[in-house]
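Colleague: I have a structure I would like to understand better, so I am pasting it below and will then ask my questions one at a time.
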Amino acid sequence: MKITNPVLKGFNPDPSICRAGEDYYIAVSTFEWFPGVQIHHSKDLVNWHLVAHPLQRVSQLDMKGNPNSGGVWAPCLSYSDGKFWLIYTDVKVVDGAWKDCHNYLVTCETINGDWSEPIKLNSSGFDASLFHDTDGKKYLLNMLWDHRIDRHSFGGIVIQEYSDKEQKLIGKPKVIFEGTDRKLTEAPHLYHIGNYYYLLTAEGGTRYEHAATIARSANIEGPYEVHPDNPILTSWHDPGNPLQKCGHASIVQTHTDEWYLAHLTGRPIHPDDDSIFQQRGYCPLGRETAIQKLYWKDEWPYVVGGKEGSLEVDAPSIPETIFEATYPEVDEFEDSTLNINFQTLRIPFTNELGSLTQAPNHLRLFGHESLTSTFTQAFVARRWQSLHFEAETAVEFYPENFQQAAGLVNYYNTENWTALQVTHDEELGRILELTICDNFSFSQPLNNKIVIPREVKYVYLRVNIEKDKYYYFYSFNKEDWHKIDIALESKKLSDDYIRGGGFFTGAFVGMQCQDTSGNHIPADFRYFRYKEK
């Protein structure tokens with residue numbers, strides 16, 4: 001049996017892999033998307049399904065106003081003492097000299113249960129992780145952020161003991177590893193294996209130069225000796241490898257005594273207009289999760305098949321377990337809660353944003369702020385998980401002025417998105433409008449207004465993603481579809497396009513309603529269809 005990479009498709013970065021008995025879990029970053037943290041489950045490392053979003057309450061994660069690519073960075077999931085432990089960072093400032101961020105701990109006895117209220121740990125840097133040593137002691141590690149002009153901002157990896165009894169950090173933090181010449185040392189995970197403590201970190205930045213570095217020491221506080229063939233994982237030297245950006249990793253030992261590495265990766269597309277500065281391409285699906293097998297030599301881990309990472313990997317000697325899909329091809333909103341694959345921006349889906357019961361078998365969204373807001377958006381979306389898919393919805397919406405709009409959106413962040421929306425024109429009544437936001441530059445390229453007939457109840461909207469391009473379609477009866485012949489570029493919904501690669505999420509598609517007049521007019525969505533080709 002083979003593991004086929006990536007195992008978690010679409011925006012699922014910074015994997016923290018964990019074993020509890022014979023069950024395996026991967027927690028990934030969600031940044032500004034709510035609920036916070038995605039946890040996937042597997043029995044065999046081959047087949048995975050989404051099972052939990054542990055940060056469900058504003059008391060656990062308050063992101064209103066957080067910047068693009070702020071929010072939850074690099075969670076660390078572990079299992080010890082009969083319960084799950086989750087460390088996460090909430091990043092409040094991403095630009096400038098300072099990186100204002102706060103590290104928290106929540107726990108739960110079951111992976112999909114009601115997670116505890118958070119314990120605030122520190123704010124000295126991001127990518128925090130919790131290490132449970134064999135002697136019962138626990139330690140927090142994180143990268144240290146240094147804002148000083150004459151210093152490198154990545155100041156090394158710090159460690160500090162955590163007292164579970166007192167529910168706080170004790171003692172003094174200590175820098176135990178300053179990194180290698182690759183710089184940008186982050187994402188620490190510590191393991192006590194045999195005679196050594198192994199410190200796994202990410203280096204080189206989370207673009208194409210990304211890498212996983214490992215060092216070891218006989219003492220937890222160091223000094224740490226770097227792997228003789230470091231980095232143990234990177235695709236920087238192999239631009240033709242289908243898995244790029246390989247780095248930010250974590251290690252698991254299976255119950256069959258085999259070793260694996262879960263890591264971040266990206267699968268670029270190469271549009272015809274690629275410049276020399278983007279010869280590595282663009283990754284609209286965001287940073288995904290892959291798994292490699294490890295072997296040991298001279299008490300050092302190595303990646304089977306080469307440090308660049310492989311698409312196919314030998315699976316562990318565990319019987320296969322296949323799960324049902326976590327989303328239907330067509331979601332007709334029959335449940336009282338949103339499907340687990342849907343998320344909202346920064347804030348939870350509450351009665352303020354919408355309802356699944358006020359209009360039975362509909363998702364009702366109340367108009368709020370625009371797609372450029374970082375506060376209150378009525379936007380329910382899911383990840384692009386393929387570069388070949390269709391997404392479709394039907395919306396009943398009766399706007400009364402031009403400030404009210406509802407429809408289908410493809411979104412990266414507040415500065416990069418496209419939307420096909422029902423809105424209002426003073427002379428024509430209900431119309432369809434295509435709006436493009438390209439690095440915060442706006443356009444509405446339809447030369448001829450698309451007027452919606454008065455008798456039409458539902459307006460049907462569809463998007464077809466065709467790898468490096470995508471197109472919108474509309475219908476007034478679900479049978480006769482009209483293509484809007486404007487090719488939109490998938491690359492513009494990628495980390496690599498946004499300000500030259502300074503952001504960290506991926507493309508989403510979903511349903512949105514805005515009302516900047518402040519009247520909160522509702523839009524009713526009859527279904528949402530997502531079908532990969």
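Glycine residues also receive a Cβ, built from the backbone N, Cα and C atoms like all the rest.
According to Swiss-Prot, the protein has these features:
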type     : residues : note
ACT_SITE : Asp14    : active site, proton acceptor
ACT_SITE : Glu186   : active site, proton donor
Colleague: In the three-state scheme derived from DSSP, which category covers the residue listed as 'active site, proton donor'?
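Modeller: Once the DSSP labels are grouped into three classes, the residue listed as 'active site, proton donor' ends up as strand.
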Colleague: Look at each of the active-site residues, Asp14, Glu186, and point out the one with the fewest other Cβ atoms around it within 10 Å.
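Modeller: Candidates: the active-site residues Asp14, Glu186. Fewest Cβ atoms within 10 Å: Glu186.
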Colleague: For Glu186 (active site, proton donor) and the residue listed as 'active site, proton acceptor', what Cα-Cα distance in Å is obtained after rounding to a whole number?
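Modeller: Glu186 (active site, proton donor) to the residue listed as 'active site, proton acceptor', Cα-Cα distance: 11 Å.
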